[in-house]
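To start, the structure under review is shown below, and the notes come after it.
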């Protein structure tokens, strides 16, 4: 007999990718999921016989080793799979062998090389068969990212477009986001992110060996999506000045960000804010096969000193002060990833918080999570990872301080245990509805369980503090009931270009006459509370009869706020109300102004591989021209990359119509996203679902 020689090796990419749920990836390579066999076809110069032996080797990472499970050598056998790497003979027909190659369900993910060794007629030959990618497998029960529910798996692994909730508690709105995890090169960029991490640079062999563990991979990703410490993907900027980069509100999705990071030689992309970090991390986790979703927390606490209280400061003139490092963000966006917590025990498995926004260092690096959502609800702040910070984001008390300008001292004004961590939101499975997941993070506000959990957390964070059985949250000092109340009421339409029309409503809660001195300010802000510029100031003195209620108008003309409004469209209005010999009453409200509408419409039925025309309509609502108009469009499955269209300047009240062409590549409902920016409107968003027929 002549020695056995391999003449052809067929990866059977198409059928394997279908079986492994990786057929949506645009790359043409074999991409498979761990813990599940893939089938290859081998053609030899003659029939494979009893004197022939085949042995396979898989290798991953820069220093493959069997002890680290980054290398495996296994023979062709006809037996059953033991859970490790194996090659099973499926069929031996003429000169063709069909072989099933199986990987363990906890194998490190990444790019593998497959080699073959042939022993035949006393000679031994080795050859490299090629490379394949191995991903996490949410379809496989033995994998720690297993997700049993089909609809959820389709949403959290396979859906490449989504919705992120933004705004404020009294004005929740949504923006579309193109995750695009199957787009060209995104998977290889996702793996490149791991190869550029600090852990990989310090000890590549150990890092690669740990890539079988989703909690390890996700924690590394939470550090790498921000550029702090490691030249990661995105540079954060909350200053309101985005010179030298792109206003974070202009991005439509992650694809452009990840591609730009690679194209510039892995230099941080400028600029991101929380939903940009979260959208990008979501893309990378889904591309690697980890079920993931985006979460928005309204009135999110940023507690820098682990005391479960955030301190906010005002002066007596009604100015919010940039003091201290604590803050309450109008909203904050993070991620949840789904996997088993082998380190904590089964009761903490399921959704895990990950946050790539650089807020606080953890183990010396800007990274956050995974923190078990169940552990957050139960107040188990001693568990890994970063539990005190995440617990505080949704539970902290909000403490208001008033500063005396004459001597710079601060007085504690009030404690609000209820305002932080509201309307925690995510996109529904299979639709764009908002699902409220607040009850997954905490027990009902003011319930005995909620107080119990807060005390438990406090006890773990500050073991020496004494909490009597009677002490409740925020009651450390004797509270004097205020004699007046105040609130801001919206009186007119809140829209960019229109006067902001509010009223301060004051009510005397007593049966005595009260004199109130009110100092009011309004500032344009960035959504995390960064102050941009004062746009309104007023002081009044009001005499209130017993139980009387009065209204005082607050009007801010467009000319006052026009130059200082950021893409957030947010204005913070504050009134410090002083009754002689009593504590001040601080009344605050953040208003969000609506942008004019951007309309998208598709002109005819969209079909795969057939161009379709989309029309954009926009009317300038202002009495002045707008210029530097740019339309940016993207949508996975609808067009490759993104379109950037320069739109002619628009005169006062003028309408614009722009037509552009899309070329769908996949059937089904796809999301088209548009961002229109000009000198007066930095970021107007629109999205359009388009049904693409075969």
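Quick reminder: no glycine exception, Cβ is built from N, Cα and C everywhere.
What TrEMBL says about a protein is an automatic prediction, not a curated fact.
Remember, predicted model here, so these are calculated numbers, not experimental data.
Some features that TrEMBL has for this protein:
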| type | residues | note |
| --- | --- | --- |
| ACT_SITE | 274 | active site |
| ACT_SITE | 332 | active site |
| ACT_SITE | 355 | active site |
| BINDING | 395, 397, 445, 450 | Ca(2+) binding site |
| DOMAIN | 266-358 | domain 'Transglutaminase-like' |
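Closest by Cα distance to residue 450 (Ca(2+) binding site), from the active-site residues 274, 332, 355, is 332.
Between the CA atoms of residue 355 (active site) and residue 332 (active site) there is a gap of 10 Å. Within the same chain, residues at least six positions away from residue 332 (active site) with a Cβ under 8 Å of its Cβ are 274, 296, 297, 300, 302, 357, 393, 528.
Residues in the domain 'Transglutaminase-like' (266-358) partition by DSSP class (helix H, G, I; strand E, B; coil) as 18 helix, 42 strand, 33 coil. Between the candidate recorded positions, 274, 355, 395, 397, 445, the densest Cβ environment within 10 Å is the one around 355. In the shown protein chains, 19 other C-beta atoms lie within 10 A of the C-beta of residue 450 (Ca(2+) binding site).
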